[in-house]
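*Asks:* Got a structure here, written out as structure tokens. Questions coming.
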């Protein structure tokens, strides 16, 4: 496995690769969710490149950029064990050669980015668009793998690829959960034992909503009440029912409904969702 830190080294590697390339962009602190993305890429491509880059432009002023976990040696060991070909670990100065005021500005499409996470974290998806498009430009992958847990991010990236005519297949991958059903996240390490137990209300709420849908309930208002009752001991930022354009729904639309939740257990903000 090669660990590349510079754009010039990555370009030199990529220039000599003619077969299919799978790409798994990450911010590190890898867990079994990331592992599932890497394993799928390894199955579907001749070469797999993973990036580890904590992207400063997607963090807000009061967010945890400096505190974000960075266990690089552990991440590299996992990638090598899995059989990754290249891990790209650039410095901020590599990815952003100009100061903020000198950069070309990229903006995520407002119709997908203004609500939900975009409303809670101003500029977050603009930062995601900045880094993902830069990485796509450098890696030029055949396929790129993203988890469904960050559903709004996934929809935005799918839109950007189509809108900018990029020849990249975006592969959505299922949410990976721990044995207690909590969706895997790098931020789960912040939870103490009590908070983790409280956080289990999030997958429980989604499970109960799914059960109600299976029993015939289609009214989003009623389903939301079911979910909020289970989430009552958490600080809920939102529990919303949308179609795949993130437009609010009143009635469940089969194969075109996303149920998204963001809530805090202690100080840790957690996301989860259900694709119906």
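Cβ coordinates come from backbone N, Cα and C, glycine included.
In case it helps, Swiss-Prot gives these features for our protein:
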| type | residues | note |
| --- | --- | --- |
| BINDING | 27-34, 147-150, 176, 184-187 | ATP binding site |
| ACT_SITE | 34 | active site, proton donor |
| BINDING | 58 | beta-alanine binding site |
| BINDING | 58, 153 | (R)-pantoate binding site |
*Asks:* According to DSSP, does residue 176 (ATP binding site) fall in a helix, a strand, or coil?
*Replies:* coil
*Asks:* Calculate the distance in Å between the alpha carbons (Cα) of the residue listed as 'beta-alanine binding site' and residue 30 (ATP binding site), and round it to a whole number.
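*Replies:* So the alpha carbons of the residue listed as 'beta-alanine binding site' and residue 30 (ATP binding site) sit roughly 18 Å from each other.
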*Asks:* In Å, rounded, how far does the Cα of residue 27 (ATP binding site) sit from the Cα of residue 34 (active site, proton donor)?
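*Replies:* It is 10 Å, counting Cα to Cα.
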*Asks:* Under 8 Å between C-beta atoms and at least six apart in sequence, can you list the same-chain neighbours of residue 34 (active site, proton donor), or say none if there are none?
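*Replies:* For residue 34 (active site, proton donor), the qualifying residues are 24, 26.
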*Asks:* How many other Cβ atoms are found within 10 Å of the Cβ atom of residue 33 (ATP binding site), counting all protein chains shown?
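*Replies:* So the Cβ neighbour count for residue 33 (ATP binding site) comes to 21.
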*Asks:* Sort residue 27 (ATP binding site) into helix, strand or coil using the DSSP assignment.
*Replies:* coil
*Asks:* List, in sequence order, the same-chain residues at least six positions removed whose CB sits under 8 Å from that of residue 186 (ATP binding site)?
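*Replies:* Long-range Cβ contacts: 27, 28, 29, 30, 31, 68, 69.
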*Asks:* Within its own chain, what residues at least 6 apart in sequence put their Cβ under 8 Å from the Cβ of residue 176 (ATP binding site), listed in sequence order?
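*Replies:* Counting only residues 6 or more apart in sequence, the Cβ neighbours of residue 176 (ATP binding site) under 8 Å are 31, 32, 33, 36, 147, 183, 184.
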*Asks:* Give the number of CB atoms, excluding that of residue 58 (beta-alanine binding site) itself, located within 10 Å of its CB.
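*Replies:* Other Cβ atoms found within 10 Å: 21.
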*Asks:* Under a three-state reduction of DSSP output, how is residue 148 (ATP binding site) classified: helix, strand, or coil?
*Replies:* coil
